[in-house]
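Student: Can you read through this structure? Questions will come right after.
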Amino acid sequence: MKPLNIIFAGTPDFAARHLQALLDSEHNVIAVYSQPDRPAGRGKKLSASPVKELALSHDIPVFQPASLRAVEAQAELATLNADIMVVVAYGLILPQIVLDTPRLGCINVHGSILPRWRGAAPIQRALWAGDTETGVTIMQMDLGLDTGDMLLKTSLPIEDADTSASLYEKLAVQGPQALLEALDGLNAGKLKGEPQDPALANYAEKLSKEEARLDWNKSAKQLWQEIRAFNPWPVSYFEYQDSTIKVWQASYNPQPNSALAGSIIKADKHSIEVATAEGSLQLEIIQLPNKKPLAVADILNSRADWFAQGLSLLPEASS
C-alpha cells in the first residue's frame with residue numbers, strides 16, 4: 001500500500017506522542033497544525049506547544065492559525081493535498097469545509113470508549129464516576145462534539161491505584177497504537193464507521209478547582225474516586241486550620257461507623273481516617289500550604305495536634 005500523506009493537528013504532550021508514532025511509521029506527515037504560541041512560565045514568554053517543537057525538530061512545516069474559519073486558512077490547508085487529517089487535542093473547531101478537504105476526511109483520537117464521555121475531560125470523568133474501564137476511540141470527525149462515526153475502539157481496565165495521571169500515560173501508549181491500526185485499515189479500505197448511539201452518550205465536563213473541594217457528606221467511595229480523578233489537577237482539598245490542605249492519595253473503608261461526617265476516627269502512621277456520609281476515607285498522602293506532598297506519618301510528626309481523634313475537619317469546626 002502507498003503511504004498516506006497526513007496533516008497532523010494537535011497541541012499538548014498527549015498529541016505529541018501520537019505525532020511521534022506517525023513520524024516513526026511509513027506514513028508521511030506533510031504538515032502540522034498547532035495552536036498559536038502562548039505565554040508560559042514565570043516570565044510569561046511566548047512558548048511553542050510540544051507538538052510544534054516536535055514538528056520543527058523534524059523540519060515539518062507548522063501552521064498556527066488562530067481559527068480555521070478564515071477563508072485564507074482553509075485555502076492554505078487545501079493546497080497541501082493531504083490524504084487525511086489526524087486531530088488529537090488540537091483545541092480549534094474544524095468547519096465542514098476543512099472536514100471535507102482531505103481525501104479520507106479528518107479523524108480524531110478520543111480518550112474514552114465512545115459514546116460514553118464525549119467532551120473535554122473523558123479520562124478524569126471516568127475515574128470520577130467509578131467506571132471500571134476506559135480506552136481510546138478513533139472516530140471520523142463531523143461537526144458535532146465527539147459525535148462522529150467510530151472507526152476503532154480499544155479498552156483497558158481502570159485499576160484501584162489509577163489516577164488521571166496514570167491513565168493519561170496508559171492512553172498515551174494505547175492511543176498511538178490504535179491510530180496506526182486505524183490508518184492502515186482506512187488505507188486498505190477495510191474500515192467502516194459505526195454510528196454512535198446517542199442514547200448511550202454523556203458529556204465529560206471540564207474540571208474546576210471548586211469541584212475539587214472535598215465534601216464529607218458524600219460517600220467515602222465517591223471521595224476516593226474524586227481524589228484519583230483530580231490528580232494531578234486540580235487536586236482534591238479541604239479547608240482546615242485556616243489552611244488549604246490538598247489530598248493526593250487516599251483509600252476508603254465502606255464499613256459504616258457512628259462518627260459524624262468530617263470527624264477524625266483515628267490518625268496513625270498509615271492514614272488519617274475521616275468519617276463520611278457512608279464509610280470512612282483514609283488520607284495517605286497530603287500537602288500542607290507551601291510544602292511538598294508527604295505521607296501522613298511525616299505530617300503527624302509536626303502536626304499531630306491538628307489531626308487528633310475526635311476533631312472535626314468541617315470548616316466551621318476549625319475556624
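Backbone N, Cα and C define each Cβ position, glycine as well.
Just lifted these from Swiss-Prot, have a look:
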- Ser112, Ile113, Leu114, Pro115: (6S)-5,6,7,8-tetrahydrofolate binding site (BINDING)
Student: For a quick check of understanding: among the binding-site residues Ile113, Leu114, which residue's Cβ has the most other Cβ atoms within 10 Å?
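Tutor: Output for this query is Leu114.
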Student: List every residue in the same chain as Pro115 ((6S)-5,6,7,8-tetrahydrofolate binding site), at least 6 positions away in sequence, whose Cβ is under 8 Å from its Cβ.
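Tutor: Listed in sequence order, they are Asp146, Thr147, Gln196, Asp197, Pro198, Leu200, Ala201, Asn202.
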Student: Far apart in sequence but close in space: which same-chain residues, 6 or more away, have a Cβ under 8 Å from Ser112 ((6S)-5,6,7,8-tetrahydrofolate binding site)?
Tutor: Arg118, Pro122, Ile123, Ala126, Thr134, Gly135, Val136, Thr137, Ala204
Student: Once Ser112, Ile113, Leu114, Pro115 are set aside, which residues in the chain still have Cβ within 8 Å of the Cβ centroid of the (6S)-5,6,7,8-tetrahydrofolate site?
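Tutor: Not counting the recorded site residues, we get His110, Arg116, Trp117, Arg118, Pro122, Gly135, Thr137, Asp146, Met150, Lys153, Gln196, Ala201.
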Student: Which secondary structure state does DSSP assign to Pro115 ((6S)-5,6,7,8-tetrahydrofolate binding site), in the simple three-class scheme?
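Tutor: SS state of Pro115 ((6S)-5,6,7,8-tetrahydrofolate binding site) = coil.
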